[in-house]
């Protein structure tokens, strides 16, 4: 996917704050500190568009990024951060449920899992939630450069088995640091654009 323009256009906590253009949306979900901001910057070829923090739990809103003026990439609040009150966790859960259940122009939710660790109970719940609302599913295994390639298949099996992934679910290893797996992820998203006949221009990035 050739990225010509990308900008953050909205941060929202309620439906009345969502963008109203009705453009197609692709959402990214995952635990705090799983690497969502780094992935956004990498796939959009921007260094600091999404703020990367070493402190988990920084994303507390739904952040909408307008891509090529044709669709939105939506960064969902990270879950699983221990130093958050029960009330705040509950409000985040309601925010996510409201968005996932009442957004007709949302076409896919991509779940990010740290390849190094077994998916947590909250990861499993999020996966089931995504399936419940009828999305793909695409699972991205982040930080794939942090383990030896010889260990990848072992960790892929761990992720698939723990989440209970279907054989048709896509599991894509990604390294934002080394820019590995980016084309594969865009390919999976482009398939969704085509399958749903979305008016999104699919133009490949020229080889470097």
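Each residue, glycine too, has its Cβ placed from N, Cα and C.
According to Swiss-Prot, the protein carries these features:
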- 30-37, 57-61, 75-78, 142-145, 174-176: GTP binding site (BINDING)
- 37, 59: Mg(2+) binding site (BINDING)
- 22-195: domain 'EngB-type G' (DOMAIN)
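Residues within less than 8 Å, Cβ to Cβ, of residue 143 (GTP binding site) and separated from it by at least 6 positions along the same chain comprise 35, 114, 115, 116, 174, 175, 176, 177.
In this structure, the CA atom of residue 61 (GTP binding site) is 13 Å away from the CA atom of residue 37 (Mg(2+) binding site). For the domain 'EngB-type G' (22-195), the mean pLDDT of the prediction comes to 90. Residue 33 (GTP binding site) has a Cβ environment of 19 other Cβ atoms inside 10 Å.
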